[in-house]
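According to TrEMBL, the active site, nucleophile annotation covers Asp9, Asp11. Residues annotated as Mg(2+) binding site in TrEMBL: Asp9, Asp11, Asp133. Positions annotated as Zn(2+) binding site by TrEMBL: Cys90, His92, Cys104, Cys106. Here TrEMBL flags Thr51, Lys108 as site 'Stabilizes the phosphoryl group'. As annotated by TrEMBL, site 'Contributes to substrate recognition' applies to Arg107.
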Amino acid sequence: MKNKFILLDRDGVINVEKNYLHRIEEFEYEKNVVSGLAKLRDLGYKFVIITNQAGIAKGFYSEEDYFKLQKFIEEDLRKKGIKIEKSYFCPHHPDGIGKYKKNCECRKPNTKNFELAIKEFEIDEKISFMIGDRVTDLIPGQKLGMKTVLVKTGYGVKNISKLKENGLDSIVADDILEFANLIEEGENQ
């Protein structure tokens, strides 16, 4: 049996968007994240994070910095009753430096990290969602048959106008909790 999942972008969705966030002391949850994820968990969803981390490619911080912050986020969410099954990240960027300068298949809007998650966790794309604050977060989800959700946190408000021009038929929600409430209402009808 395949599983229903919520695939989450990180920056601007789980945490407040701060350019190239990599320090634990600068981490701050977006509004209603924990309550929204808890409601989705109670509705039977599991979670993975899929994130681009261009700050690594551009030399602003190291992979080790990324892993420290990511571990902190996942442990803090676990204490709050939310389990992140796995986080997939892309450290590359076409304008990066050294080994990170490349056009790769794992950087959203490409689908490699999504395909890895689908295979590893037997995700049923038809009953799963990708939540992001940019169209580049949503394009791979829609390509692979998932429903997509643009939250108005992070860069979300600036990306609403880009949905149609990118052929995205996405749900638009103020935040993760509003989306969770919509799902709950739909299941109760």
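Note that Cβ sites are derived from N, Cα and C of the backbone, with glycine treated the same way.
Note: TrEMBL annotation is automatic and uncurated.
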Looking only at the recorded positions Asp11, Cys90, Asp133, Arg107 (site 'Contributes to substrate recognition') has its closest CA neighbour at Cys90
Keeping only the recorded positions of Asp9, Asp11, Thr51, Lys108, Asp133 whose C-alpha lies within 10 A of that of Cys90 (Zn(2+) binding site) yields Thr51, Lys108
Residues near Thr51 (site 'Stabilizes the phosphoryl group') by Cβ (under 8 Å) yet at least 6 apart in sequence within the same chain, in sequence order, are Asp9, Arg10, Asp11, Ser87, Tyr88, Phe89, Cys90
For Cys106 (Zn(2+) binding site) and Asp133 (Mg(2+) binding site), the CA-to-CA distance in whole Å is 18
A correct count of other C-beta atoms within 10 Å of the C-beta of Asp133 (Mg(2+) binding site) gives 25
Quick note, Cys104 (Zn(2+) binding site): same-chain residues at least 6 apart with CB under 8 Å of its CB -> Cys90, His92, Asn110, Lys112
The rounded CA-CA distance in Å from Asp133 (Mg(2+) binding site) to Lys108 (site 'Stabilizes the phosphoryl group') is 12
Note on Zn(2+): the CB centroid of Cys90, His92, Cys104, Cys106 has further same-chain residues inside 8 Å, namely Asn52, Pro91, Lys102, Glu105, Arg107, Asn110, Lys112, Asn113
Other than Asp9, Asp11, Asp133, the chain contributes near Mg(2+) (Cβ within 8 Å of their centroid) the residues Arg10, Gly12, Val13, Ile14, Glu17, Thr51, Gly132, Arg134, Asp137, Thr153, Gly154, Tyr155
